[in-house]
Every structure is written in C-alpha cells, then in structure tokens.
C-alpha cells in the first residue's frame, strides 16, 4: 500500500530506505518510491522471482537491544538496527538471540570499570543492556545453577576486538568470583594476557594488536565457584611472521620490546640495537605503533613473567634466545657455486648468535650450508645452494620461536595450575574468524576449516534451542530449513588427508581435481589456473593457491642443526629441545602458518612413536580441532561475534559494506534466518494483554487472560498460521508484531484525534464567549462615558459662573473690613508704645538704686558669716579628729578592719585592672587607628608638600615680578622727570603691567582650581580606602567561612578515610584469623587437644587489653607454634600490612583530633582571658579561708591545752558537767573546722563561674562574724563559754529543723513526681485511646493487645522490683533480729541477778527501737572472677534479641556491663577491669563474625535485628563510659547522683576509642546487612513495577525476555521497600538506637536506593522513557512521604535522591531546542556529563507519538557541559558508606533503679 516504507538494495550503502508513493498491484513490474532525500525513483522487480523489497520496522522498534525483537527479521533491518545503536546511541553491544554482537568502537569507553561489573553481577541476562559482562554473568550463573561447564566462543576477523572481549570476560570472572586461596590466581590469569600478547600478537594492516594464534583458556572453579586455577590451549601460531612481514606490518611485539630496551644494563649483553637494523623486524618498514611505548610494554611483560613465577634466570635465557633469533635473521649466506653456499668467516651476527645460544661457530656455520643424507648403508653430507640454505635458516628461526612459545605456554599453565581439585570450569575461546585474501594458502585453509566446524556446532546449537523452546511450549514442530555445512567440512577433511610425501604441489592439485571435482558440489576448479582450487564456504567462496601447500604441511627442519642446539651450554635451550624426539602433544606447527600448543597428549604405545612423529601439520591440526569440538560439545556455549565497523579505525564510524560482509561470515544472519523461518516474536499472555489492551472492547476482557488473548487475536489476525498459542507464550510469525503495532498506533491516533477535537472545540468556544463578554462590557462603558460627558459639561459651566459672581461680592466686603481694621490698629499700637516706654524708664531708675543698696548689705552679711563658719569648723574638726583617733586605735586591733580594707582594695584593684585592660585595649585600637591615619596622612602630606613647594616657587617668582614692577615704576618716574616727552613709552609700560596683572590673577585662579581638585582627589582616596577596608573585611569573612567549610569537609574526608582503614584493618585481622585456623586444621592435632578461636584486639596498641581467656591463650600459643613451620612469608606480609595500617590509623586519628581541636582553640583562648580575673579573685578568697581555718585550728588547740591543764589541776574530772560542756564545745568546734575544710574543698572544685564564686563568698562570711563575736567576748571568761554553748544549741536546733525541712521537701517532691507520672500516664492513655478509636477494628484490637502486653510487662517488672526490695528488707530484719537476740542472751546471762524484770524489758526493747538508716544501692554489680565467663556467655553470646531481649529496657546489657565495671573500678582492681572490657569486646566481635559467616553462607535475613541490637548496646556502653568518666564536658548533663557514680580510679579513654572503632565496625556490618536485604527489592520496586498502572506500555522484546513490570506474587513492589524501611526503623527504635544514628542509617539506606536505581536506569535502555520518568518521580514522592511520616526530612536522606530525581526529570523534559539544552544543563547539576549524555542516548519512545533525541541536541549538551570539572565515572558507587559519628547521648536512667530480670540467668551478680 501507499506510504509503506521498504528497503531497496544500494551499491554504496548496501540498503536504502524508501517509501511507496502508489499502491502496489499484483503483476506490477515496478514500484514507485521516494527516497529519504526526496528523490523519486522507480524500482524494478526481479523478472524471475518477483520478490518484493523488505518492509521496514516501525520506528518504535528501531534500536532494540535484541535483534530478534524486530518484527521484520531480515538483513537490512539487522544492519539498520546495529547502525542506529552504534552511531546514534554509542552502544557497541547488541543481542541477536543467543549471540552477542560486539562492534569495535576504536575508542576507550568507560563501561568496563568495577562499578559496571558490580552492576551486572547477579542480574539476569535480559534484565540489563547487552554487554560482555552480561554474557560472562550468564555463563557463571549457569555453571553454578546447572552444574555444567561453560564456554564463551569469541570470534571475528582481525581487528574486530576478539582479544579485548575475551580479556574483559576473564576480568569479570576474576572480579566476581575471587580466588579460593591467597595465591592471587585471578591476578595471574589476568597477568598472562600481557605475556601472550607480547609473544603471540603483532601489528597487521587491519589491527595494531592482532592475535596471530588461537587460544582456549579454561578457568577452573572449586565447589564454592571461586577461581582456583586456569589452563591455556593454543592453536596455529603464525610462525612465518618470524621471518617475513608484509608492508605496514610488524613482527611479534616481543622483538620490538627487546630492541626498545636494548640500552638498559640488563640487556647490554644481547648486543641489540634499533629494530630497523634487523631483517626480521624491518620488512614492514613501519616498526612504530602510534601511542605504544615498547620500552614501557617491556617492563609490563617482565612484571607479568615475575608474577607468574618465571625467575630472572629463565627470563634472561628467554631474552637471549629471542635476541639470537634476530641475529640469525641477519646472517648473510652467499653462493660458492651453483650447487653450494657459504657463510663468510667471522660473520658478526652469527658470532653473536653462537655466543647467545652457547654453541660452536664452526658447527652452526657448517650445517647452515650443508645437509646429511642417509641411505641404508652410508651417510652423505651434501652442500646445498644459497636459496635452500636461506630457507633452512628461516625454518630454524621459526622452529626455535615455536619452541620458546611452547615453553612459555607450558610455564604459564604450570603457574595457573590448580592446587586443589577442580569442580567446574568456564572456557574462553579467542579464535580467528573467517579469512579471505587475494592470495590464500595453507594458513587460510586451516583457519576456514576451523570456522566451518565452529559454524556447524553453532547451527546445531541454535536449531536445538529452537526445538526445545517449541517442545516446551507445546507448539507444533515443523522442520526448519537451515544451512548445513557438513559437506564443506567433509571436503576439508578429505583435502587434509591427501598426503604426498614425495609429490609436488602440481601433482597434489591434480589429485584433488580427480577426487572431488565430480563428487562434491562445493569443490570447484578455477578456469584460468591449474594450481588452485575453490571451496564454497558458509560465508563465501574462497580460492586457495597450491604453491607451498605440501612444504608447509610437512614443516621440516634440518636435524643436524637441532643436534647442534642440543649440545648448547645454555640450560634453557637444552630444555627447549630435550623432548624433540618424543611425542609431546598433537601440536600442529605450520612453517608458514600456525601451531597448536600445550594440549595434553593421549597415551600412545612406544612402538608407534616414530610413526606419530611423522604426522603432518594438517593431521595434527585436525586432531586438536576435534578435541576442541569435543570440549565445546561437552559444555554450554555462549557466543560473542566481534564486528569491525571500518578499515580505517575511525571511532564510531559504520561502514555498511564491511559490516554486512562480517555479519554473513560470522553466522549472525543465519541465526536471524532460522529465527525468521519459525515464530521469532514471542509474548507472554500478560504482556500481550497489557500492550494491546487498547484494541479490546470491555466485553472482550475476561478473567482468563489466555482466553482473552485468543479471542482478540482471532478477530485481529484472520490467518491462524501467523501465530500459535503456547503454554505460557504467544508465538508470532515475522511481521505480525508490526501489524499489531500498526493497529495499536491507529487506534491511539484516532483516540488522540477525538480528544484533540473535543479539547480544541472547548477552547475555541471558551475563547468566543470570552470575546463576547469583553465586547458587551466595552459597549456598556463607552455608552455610559458619553452620557456622563454631556451632563458634566453643563454642570461645569454653571459652577464657573457661580464661582466668579460669588468672588466679586466677597472681595468687596473684604476690602471694607480691611480698611477699618488698619485704622483701629494704628491708634491702639501708638498708645501701647507710649505706655511701655514710660514703664521701662521708671524700672530702670528703681533698679539702679536697689543695686547699690543690696550690694552693701550683702557684703556686710558675708563678712559676719565667714567669721562664724571658720570658728565652727575649727571646733568640729578638732572633735572629729579626736573621735577618729580613738576609732583608729580601736580598729587597729580588729581583723575586720583589715578585711574591709582588703575587700575595698580588692574591688578597687579589680576595677582598676579592668579599667587598665580596657584602656590598654582602647589604646591599642587607637594606636592602630592613629598609625593608619599617620600613614595615610604622611602620604597625603608628602603630596601636599610637593604641591606647596611648587606654589612657593610660583610665589617667589611672583615676588620677583613684583619687585621688577616696582623698579620699573621707579624707572618710569625717573624717566618721566627726565623725559617728559616720552608719553608713548609710558603708555606701553602701563599696558604691559595691566596685562601682567591679568595673567597673575589667572594663575591664582588656576592654583585655586588645582587645590580644589586635590581636595576632591583626597576625598575620593579616603572613600576608596574605606571601601577597600570594607571589601577586605567582607573578603576575610568569606575566606573564613570558606576555610571553615573546607575544614569541615576535610574532617569528614579524614573520618571517612579513618573508617575505611579501620575496615581494611579488621578485614586483614579476620583474614589472619582464618589463615591461622586453616593452618591449625591442616596440621595433625594432638590427642585430647581442642583448639578454640584466638582473639585479637582491634585497637592499634594491643597493650591496652592483653588478658584473654585461658583457652584463647592456649590456642593462640598453639597456633603460633603451628604457624612457625608453615607459610611464614604470608604471615610476615600480613603482619607488616597490619602494622602499616595501624600506623596510618594512628596518624589519621592524630590528624582528626588536631583538626577537631582547631575549632575550639579560639574559644579556649577567649575563655582563659575572661577567667583570669575570676581565678585571681578565687585564689585570694581561698587564701583568706585557709588563714581563717588556721586561726580556728589554733584556737581549738589552745582550748584543748587549757582543758588538759585544768583537768590536771583538778578543776574538773572526766564525767563532770563542766568537763562535758567543754568537750561538747570542743567537738562542735572540731565539727565546725571540718565543715570549713569541706567548704574550702568545695570552693576549690567549683571555680566554674563568677556567680557561684559570689555565692560561696556570701556563705563563707558567717564564720567571720562568729569569729568576731568570739574575739570580742574572749576576755569575759564564763560569759564567753555560755555564749558559745548557746550558739551551739541554736546551731543544733537549726540543723534539725533544716533536716526536717529537707525530708519534708523530699516527700513533697516524691508526691509531685508521682502526681506528674499519674498525669502523664493519664495523658498517654487518652492519646492511645484516641489513636485506637481512629484505627480500623482489626488494627484497634491488635494495638490494644500490644498496649495491654506492654502494660502488664511493666507492672510485672515493677512487682518484681518491689518483691526483691521486700526480700532484701526481710533478710536485713532477720539478720538484725539474730544480732539483737544474741545480745539479749549475753546480757541476760551476765546480769540476771542485778537487773530487775522491768529493766530487762527496757534493755531488750531498746535496740529494736533504735532508728537505723538503711544503706542506699550505689548502682554497682559485684561478681566473682570465675563468673566472668558465665557473665559474658549469658549476657552477650547466648542473648537472643528476638527472645529474651525483646522485653528488656533498651540498652540493659550495656547498663549491666557498666555496673559490673563500676564495681571493679570501685575496688581498684585493674586486672578485673581489663579482662571484663576485653572479654566484652571480643565476645561482641565473635557474634559479629558468626553473623557475617551465616549471612554469607545461609543468606539469612534476620541478622539485621541482631546487629542493630548490638550496635545500640555498644553505643550505650560507650556513652556510659563517657557520661561517668568524670570529664566536665560529659558531666554537665548529669544529676548530682549520677556525678557521684563517676569512675574514680581508672581513665578508660583508650577503651572508649576501642569501643568507638567497634561501633564503626558494627555500623558498617549493619549497612551491609541492610544492603543485602534491600538490594533485591530496589530495581523491581523502583523501576520495573508499575506503581501507576497503565502509564507505561510493554514494548516487544526479543529472545532474552526482561523482567515483567506486572506484579506477580513473588515480585517486589514499592510497598515492599516501604515496609522493609519501616521494619528497619521500628527495629532500631525498639532497641533504643540513638536518634542521630538512626538518621545516618536512613540516609545511607536512601543513598543505596537512589544509587542502585540510577545505575540500573543508566544500563537499561528500556527504562529510559517518559512514562518511566513519571513512575520514578511518583516512587520518590512516596519515599519522601515516608520520611515525612517518620520525622526524618532533615536527616539528609532526601538530598541523596537528587541525582535520581534529576534523571527522572531529564526523561520528562522537552529535548529539542537550545533553550531546552540550557534548561537541562542548569537543572541536572547533580548528574555528571557522562550520565546526562547516557540518559539522552538511551532515551527510547514507548509510543509512536514520542520523539527520539537527536544527535545534534546531544552534541549541544556535551558542548555546554564541556567546562564542568567532574569525574568521568558513569555509575554511582554503591559501596560508599558515609562516615559515621556517634554524638554523645547521656542517659537519664539512674543506675540504682535498674533491675535485672531473672530470664537473663544472672543470679550470681550481687547488687552493691
């Protein structure tokens, strides 16, 4: 039909796209077409076949990942799809069924890093974009799942990238699987690549690093599928390249590497030079490869040799042999005569050859020109001509190189050989592709034979897979006709078997003609040649030339030359040729071709040795190829076809001719043809329903999807042969999906047209109504305006007339009133002026009289008062002086006087000091300002001085001029007197004077103007200085802020580095433990010996805790004894590495501490300055109190001495009332003294703030008054004693009152606390009730049950606590009762006769009624030393978070451990403290190690709960160590009781660091455990699942089905992720994890979700669409809603999703114009340039209404983002763990209130 798009053949582009302009009718011979460039053409159909051109696929299917997803499967569709993906989307990999097509980009792409490997690891092959890593992952997964060996077959022509693809596949295996031992097998496997490339790769016209041999590498795995070894088989080494290279080609790389390194000392003895000197390396005339440094490559080769165990001696021997080959190629052979040849004597190159090879010059020169002929009786030595001698020389060089190649491969295999039993393997076959040249010989014949065999195996495998798929889906099986190349392989086989030992090439060709020309249709004879033959291969016809066939097949070498080499003094050379006469392997060695090496030989009989040795190269190659095919058939194959896009090696340039040629040769089109012959398009029923739901009516939709699809297809497609229904899929013929897509697009287009029609109608109608309403409104306002304008003109005229008439009337009245007022004002003002003048005159005269009288009176009164005042002052001063003298005499003896003076002086001194400081500070500021002003003033003054000097000069000149004027005037006068007649001269002089005066005035004006300009400039400079100072201030502020930010970032970076090093240290430590276990297990154990795990400290210094369990010490010593004799080098390396890590860890820790101290140094300095005056004041006060206490102590000592003296004199006996009174006073004084001492100590410890100091000052003044009273009454004797006794009584009474008041206050506080708790409980109950009422009935019942369980649990704990208290009280009372009973018995036995019954009763009752204060619980737990293991076992090792620990208070194990530690500190037992902390840390590590092992082996999902539990307890234990450490920074949040519980004997700062490191380890393990749980959910829930149903349609997929977006029962959804996040959050909250730590965990969770989602988006082309962007943004909004519900919006988690949000926005924004590009560049600031370009390249329309992103737009984006400074990494690093911090979080829980549940089995602990 018209407008159908088709493909037509083209000579340049192979296929061209065109569009039908007229309908095609059956029988037409031409088609009317329009090309894409607008040209109209007529395409003639083939007269014989009448085949129509191929139809084009819809644009929506162009660029698919799998070629089998195309609806029309044919050559032009495949070629166009590959071209679009390669040139437009920059995608080099494409699936073609089971084949991966890889196009060489000729450019380094960032798609092979470790991040890409991690992204493909564990993924299904169809779930990610095509990649070599996907094929490798599929092979690895099938090996583990099916227990079957795998093979990856990489083929293609030279330069297509086979070696690179094979190298990346091996790198993937080495990275994903790792090695089973520490022998670094994966590194050795990768290290073999440089060696094999050096000795087996060379530059050709098509490739700079072409592999000139085939290789099959078997990578061995153990039962856990870790690499244990490898083995390499090689095929057909191209030995002819050693002695011959074509133009623009090179020999093997190793020769050029040796020549480039010839200047090094170790290569001096090889006597090499430039590569241009040697015949074997200069034939190509281009020995240099652009961008390759051969000397550097030589270092890489040597390093690889060393890594693979080839020592320096063997390396030296290898290099000698290789250098000798170069010298041998330069040996010149000359003719002696026509039948003989000769080597000139003392040939330099032959001499060097013999020296390097260790052979004699005479023997080698002789046998290079002679050969030995053997007959039955005699042996002849015959000279040979020069040509044969040269051929023999070249054959010897090739043979030696083949032996070297063989030896290297053998040693590589020995190094890679597995030390344990191999369980399975994956083989990587890197083999040459189909070759055809202008001249094809024996080498191409063998290569094409191998490709025929591989293609036959490939066809059978594809056919088998198709058959299995049809049988699995129960589709009727019809035989598919496919190309069978079995006849071609038979032809090759028969050709190989024709061996003619004594024939020629011509006779061999005639024999081939006679044998195959009539019997085989694939064998042909050229018309113009009798020395060639043609074979029809699966790819193309190839003509082979028979010249040299037989010679290359025989591959003969002079035996005597070999014998000379066997007699060499070089050990390596002897080793190379020692097996020359033995059958080593079926190695095919072609003198002009390639050889197959290192295949294990089959066992043969000794008698058949000589016969086997005579096998031809073709026979040997056929046998080795048969072994290879046998190996491949025993494995599951995976195919990689490498394509060379162009011959000029231009990056991302696609040559259709070359591509089609290779696609035909590698079998890709044959795969397409086989698929197209059957049912290439396959859909599941659900996918078909989701895609084509729009084609169904509502009545057609049934509950049975299969029946629905069947009914719809029967209506849509009439021909039932076009589709088949399988068990789970629908199978379509080629083209049917395109037909269905057309129907779908037509239906959607009709719907769009209807929607557009309705919307446009609505818009136009709305616009019309809006215009109508606007017109009516304009008319209304216009008419109103016109009406108002006529009325307003009339009104304005009337108002104007009225205004002027009223103005005239009012003006007349005003003028009359004004005249009358002026007359009256004149008369009145004159009268008032006269009256005022007369009054002023009278007042002036009266004042004059009063002034003089009052002055005289005042002087008299002043004189009298002065005399009286002077007399009174004398009297009063005399009296006050007497009083003052008396007072000073009294106060001179009073301490109070001095104290007051001191107090005043102190205050004055402090005030003066402050004033001095302030003045000094002001002086400094003022001086600085003055200096600045002086500097600026000096500059300005200098400028002004210069100007002033100039002005002075001008002034002097003016003065001089003035003097001249005077002299001239005088002269003028003399001349006037003398010459009165000279009037004319006088006038001239006057005119000149006038002119000079004008000039002077002008000059003065100019000077004034300059002065003004100078002032203006000065003002401008001052303003500029101010502005610059402001700018400097702002600049310094910004610099300070930037430096602060930089320090913070550096701090985070250092913290991250420290935590990474800690992780590495722990990993090495675990590895060290594992090695010790392996070594111990590998040794023979002694009878009865039991090994336990040794413990190792994670701290840098192991001396902090070095006591372990007894078994651990024994096992450690035993492990050390065992490891002494075993792998000591590995142990030393590990120990050295651990030491280096510890040193780096300590250095990083010091740097971290230094950087943290930088933030507080400024504060500390300011704090010290402000505290200086306070400390001085407190020191003075402390000295005063000390002196007062000394005085009191002296007084008490004096009183005690006086008492003793009185007692000796008999004044009072002991027991007498005076003695008791004095002793009471003495005791009270002692108590007072102790109180003063305590006050002094308190004062010393509480120097925190000036307010507290002033409070202590007020409280300390009471003893001063008391001492003053005592001092005043000291002389009054008995009165003093009475006074003191009275004060003591008052003090005792006051103390009792205060005690009662305190008890009352305590009771009130307790009652208030109980009341508050009751209120809180009531509020909580009301809140729970309100919440329960809002819940549905099922959730309400569950919540009420949960609440009831919690309440009962709390009540049980309270009752248990009360029961324990009662038990303890009963025990105490019983103990007291026993003591009292014992005392009563003793008293009754001793005093029965002397004591009355009443007295006995009183004595027995009295002890019971004595009030005894019960000892408070101090928050400590005591245990015995032998119970330590039991404590650790019950509290750590056997504690189950889901079992016993679920009902505990959060952090109870940490509290119990700390209470035990407190008791050890209380009793000052350092050994107990050390062992307890060490046991705790090691036990937690043991649990973590066990969990890590279980997680890696059993994939358990409940490990998160255990790790979270111990993270919470470790942090709580760390916080307890800080809170009770005694450090003031940690004590400020404590209660007084908690401060009393601080540790008193030990500083555990080092252990706090160890616990912090342990917490970091637990946190990282928690993140890994969480990541393992979330990883399977993220891609399915965030990308694949359709949260908004129906938004994104399912596109047609190929053979490799992707994961369906329709949610099945086992599929993860977004709800699964949210439920898992809620489970994580609730678990951490239940365990009492710190809120700040929960925020960090949530941030890490969201980073993992965002990074994994974005990485998969960047690697999946099917996910980059507009609808998927909408799905992602909706999913992100749901995650943000979850954060909002959990109050975690400020934790930084949302910011981690910013790259994903921007990627989703990028999928949805418009992508056409430059404005769109600018918007994208400003919007996507969190995405890198490579990520933006990748998303734009991958953007794929799901519907035909969407448009692809043009290449021009992508280049515009790249140009705009060129200046961005960023890393070129494509994927986000999902392994990043943000540095964790543990902010101090003190606990308000009192230790003395903690009760230990009986379920913990800790009855051996005693509360103290």
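Glycine too: its Cβ is placed from the backbone N, Cα and C atoms.
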Feature region 'Disordered' in TrEMBL, mapped to one of the ranges 975-1002, 1003-1030, 1031-1058, 1143-1170:
1143-1170
Per TrEMBL record, range annotated region 'Disordered' [choices 496-524, 525-553, 554-582, 583-611]:
583-611
Range annotated as region 'Disordered' - as stated in TrEMBL, picked from 883-931, 1079-1127, 1177-1225, 1226-1274:
1079-1127
Position of peak Cβ density within 10 Å, selected from the binding-site residues 156, 159, 161:
156
Where else in the chain does the region 'Actin-binding' (625-647) make close Cβ contacts, counting only residues six or more beyond its ends and a cut-off under 8 Å?
82, 86, 96, 98-106, 132, 135, 138-139, 142, 146, 148-157, 159-162, 165, 169, 206, 216, 233, 235, 427, 429, 433, 449-450, 453, 457-458, 461, 586, 599, 653-655, 658-659, 662-663, 666-668
Which of these binding-site residues has the least crowded Cβ, counting other Cβ atoms within 10 Å: 158, 163?
158
Could you give me three numbers for the domain 'Myosin N-terminal SH3-like' (1-53), the DSSP helix, strand and coil residue counts?
0 helix, 24 strand, 29 coil
Counting across all protein chains present, how many other Cβ atoms fall within 10 Å of the Cβ of residue 162 (ATP binding site)?
27
Limited to the region 'Actin-binding' (625-647), I'd like the whole-number average of pLDDT.
88
Name them in sequence order: residues not among 156, 157, 158, 159, 160, 161, 162, 163 whose Cβ is within 8 Å of the mean position of the Cβ atoms defining the ATP site.
104, 207, 210, 211, 433, 642, 644
Helix, strand and coil residues within the region 'Actin-binding' (625-647) as assigned by DSSP:
9 helix, 8 strand, 6 coil
In sequence order, what residues of the same chain, 6+ apart, have a Cβ less than 8 Å from the Cβ of residue 157 (ATP binding site)?
206, 432, 433, 434, 435, 642, 644, 662, 665
Can you check which residues sit near residue 160 (ATP binding site), meaning Cβ under 8 Å from its Cβ, same chain, 6 or more apart in sequence, and list them in order?
102, 104, 433, 642, 643, 644, 662
